[in-house]
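J.: The following block contains the structure, expressed as structure tokens.
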Amino acid sequence: IAESSLPGSRFPLEGASDADVGANAQLSYSLSPSEHFALDLQRSEEYRESLFLVLRKPLDRETMPIHHLVLTATDGGRPPLMGTVELMISVLDANDNAPQFNQSVYKVQLLENTTEGTLVARVNATDPDEVSNAEVTFTASNTFPEKGLNLFLLNPKTGEIRLTGALDFEDVRSYEIQIEATDHGTPPLSGHCKVVVEVLDVNDNPPEVWVTSLSVPVPEDAAVGTVVALLSVSARDSGANGRVRCTVWPEHFALDLQKNEEEGESLFLVLRKPLDRETMPIHRLVLTATDGGRPVLTGTMELVILVLDANDNAPQFNQSVYKAQLPENSERGTIVYRVTATDLDEGTNRNVSYS
């Protein structure tokens, strides 16, 4: 009997026979107790009696694939005589069960440097039906974001998901893959689950440092505390991999780094002692940003600071006293002596006039 048979369905049975006559051959039938089946006996004066097995309650092959019943025929004699027959009813499967995953959500963590071909997850779905009704095919019904379609390959038979591309934590931090399991029944039934892939950060991005504002050249007479440059540092990684420390070389330099408390990723390059263009007209700094990952990654940038001259040097004669001798008959216009003064400043600050 098909599992899909509706209550009220009737199945003819072969009745019993009795060699006696009259009341001794008048038969009645009874069925062993069953919640699913009952008997229906139809008698007619014109036709031979008909016996039917009637389905009272829907069948479920997955709960009870075989029903064992005993049909008893009793005659009307005194004493009554009985005959029995065993009914073995096999329930034919109907595709009434959808595939079921053993988990509704599979959560997986992968390092962003995981190699291609790595097994990401193996989903499993079972169907309590049998034969083709229990055969399951897996498909990826949806992936978010869509670029995950090119990163994950689902085996339709085994449910294995393998990585087929490169992950990048800084680009996408998690993927959601909707998996559908469909049986081969008619009509086919399906079940669904979700695979969530969390991408874990690897320290694969060196920190960066760049200048957002620069005031150069710096006047030689600039006051201590003057902000020369505003810097920004960052790392695309996260956690300790994204924590950046910045240093300046040489350390004993006239310029120092100070953190901008209002903006955690910003630094000030501040003048910490007076400048002297005549001693060092150009300052070359190397800014180094170091992250807290393992292994440690660094990023560097060179910064050239020009010092703008201030008139802070007086002209200097090469002698403090010049002694000269002049004959008393020297003519007017005769050169008595040539004096020379130099100025360490530059530009107009070093143009000297004598009086």
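Note that Cβ sites are derived from N, Cα and C of the backbone, with glycine treated the same way.
Remember, TrEMBL labels are computer predictions, not curated facts.
So TrEMBL says this about it:
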| type | residues | note |
| --- | --- | --- |
| DOMAIN | 1-101 | domain 'Cadherin' |
| DOMAIN | 102-209 | domain 'Cadherin' |
| DOMAIN | 210-317 | domain 'Cadherin' |
| DOMAIN | 318-355 | domain 'Cadherin' |
J.: Can you work out the mean pLDDT of the predicted model over the domain 'Cadherin' (1-101)?
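T.: Within the domain 'Cadherin' (1-101), the model's average pLDDT equals 92.
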J.: With Cβ-Cβ distances below 8 Å as the criterion, list the same-chain residues six or more beyond the ends of the domain 'Cadherin' (318-355) that contact it, or say none.
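T.: Beyond its ends, the domain 'Cadherin' (318-355) has Cβ neighbours at 277-278, 309-312.
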